[in-house]
């Protein structure tokens with residue numbers, strides 16, 4: 001292994017820069033040349049590929065976002081398009097590709113490994129949604145979680161002052177981990193997740209019971225994948241006469257300097273990705289399980305049967321929100 005490339009793809013997440021830094025410096029330490037692909041898979045097509053040096057990743061570990069930039073590239077699903085991308089790697093003698101991103105990014109890496117056996121691919125989970133199988137945590141999840149907690153703590157102050165019910169919408173299309181972990185952390189009265197069928201009438205009854213006990217305000221945490229915050233508010237007011245406000249946290253969840261946990265996770269996974277390439281591994285995603293570094297074949301990561309949901313934590317959150 002003499003040359004590798006690294007790219008960031010899909011939605012950005014805090015800690016991506018730390019992962020790129022770890023990949024770059026681990027590779028250089030092992031006498032491997034590193035190339036940064038700018039603008040994700042689009043950069044592979046456009047040949048926007050540049051050599052990275054030690055200084056290229058200096059002063060990046062604390063920065064949010066990704067200095068390599070990221071872009072959606074739906075045309076990468078087409079075989080002819082992928083051939084062009086593969087040729088851009090081949091002509092530089094690049095033998096390994098590290099892809100930092102989510103599920104869609106992994107699928108692109110798998111295609112490359114299937115269609116060009118001489119290019120090894122390794123995926124690093126970079127998404128705030130924490131929706132990648134094969135790892136307990138994804139890069140960016142902890143930072144986004146802390147952003148939500150800080151925001152909702154402030155929202156609760158004003159909810160308390162005005163005796164209102166706030167519906168807080170957070171990111172999470174298919175995975176409700178942000179809503180679940182944040183909901184437990186801020187003491188949300190109700191958490192609405194895509195993994196659980198929630199009857200809004202039951203939510204209204206729970207809020208009403210709280211009012212009878214003297215509770216003046218409530219927080220309802222909603223993952224965007226099951227319904228919007230406004231839809232939840234509209235449904236609630238069909239069953240109970242309360243003053244509601246909706247707060248959509250939006251892209252603030254993706255930004256900011258990565259937390260210490262995300263910096264450490266990104267550094268460990270980035271270094272491990274290079275070690276796997278050196279060992280000849282390919283078509284795998286790296287992860288952390290029980291604080292141990294692991295790797296999982298892409299096919300297993302994509303399997304719906306392996307999708308994770310912490311039902312015990314959900315039940316605990318319900319018990320503590322009484």
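Placement of Cβ uses the backbone N, Cα and C atoms for every residue, glycine included.
Here's what Swiss-Prot has on this protein:
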- 11, 72, 73, 102, 103, 104, 105: ATP binding site (BINDING)
- 21, 22, 23, 24, 25, 156, 187, 188, 189, 213, 215, 216, 217: ADP binding site (BINDING)
- 103: Mg(2+) binding site (BINDING)
- 127, 128, 129, 164, 171, 172, 173, 224, 245, 251, 252, 253, 254: substrate binding site (BINDING)
- 129: active site, proton acceptor (ACT_SITE)
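Everything Swiss-Prot records as a feature, shown here on the structure.
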{"residue": "11", "record": "ATP binding site", "Cβ contacts under 8 Å, 6 or more apart": "70, 101, 102, 127, 128, 254"}
{"residue": "21", "record": "ADP binding site", "Cβ contacts under 8 Å, 6 or more apart": "57, 60, 61, 266, 267, 270"}
{"residue": "25", "record": "ADP binding site", "Cβ contacts under 8 Å, 6 or more apart": "54, 57"}
{"residue": "72", "record": "ATP binding site", "Cβ contacts under 8 Å, 6 or more apart": "10, 40, 42"}
{"residue": "104", "record": "ATP binding site", "Cβ contacts under 8 Å, 6 or more apart": "9, 10"}
{"residue": "173", "record": "substrate binding site", "Cβ contacts under 8 Å, 6 or more apart": "129, 131, 194, 224, 225"}
{"residue": "187", "record": "ADP binding site", "Cβ contacts under 8 Å, 6 or more apart": "219, 320, 321"}
{"residue": "189", "record": "ADP binding site", "Cβ contacts under 8 Å, 6 or more apart": "206, 207, 210, 215, 218, 219, 220, 321"}
{"residue": "217", "record": "ADP binding site", "Cβ contacts under 8 Å, 6 or more apart": "156, 159, 160, 162, 163, 164, 165, 166"}
{"residue": "245", "record": "substrate binding site", "Cβ contacts under 8 Å, 6 or more apart": "159, 164, 165, 166, 167, 233"}
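The binding-site residues considered are 215, 254; of these, 215 has the fewest other C-beta atoms within 10 angstroms of its C-beta. Of all the binding-site residues listed here (23, 73, 171, 252), the one with the fewest other CB atoms within 10 A of its own CB is 252.
Cα-Cα distance from residue 252 (substrate binding site) to residue 103 (ATP binding site): 22 Å (rounded to the nearest whole number). For the pair residue 105 (ATP binding site) and residue 23 (ADP binding site), the Cα-Cα distance reads 17 Å. Report note: the ATP site is defined by 11, 72, 73, 102, 103, 104, 105, and the residues of the same chain whose CB lies within 8 Å of the CB centroid of those residues, excluding them, are 9, 10, 40, 101, 108. Fewest other C-beta atoms within 10 Å: among the binding-site residues 103, 129, that description fits 103. A separation of roughly 23 Å, to the nearest angstrom, links the Cα atoms of residue 73 (ATP binding site) and residue 23 (ADP binding site).
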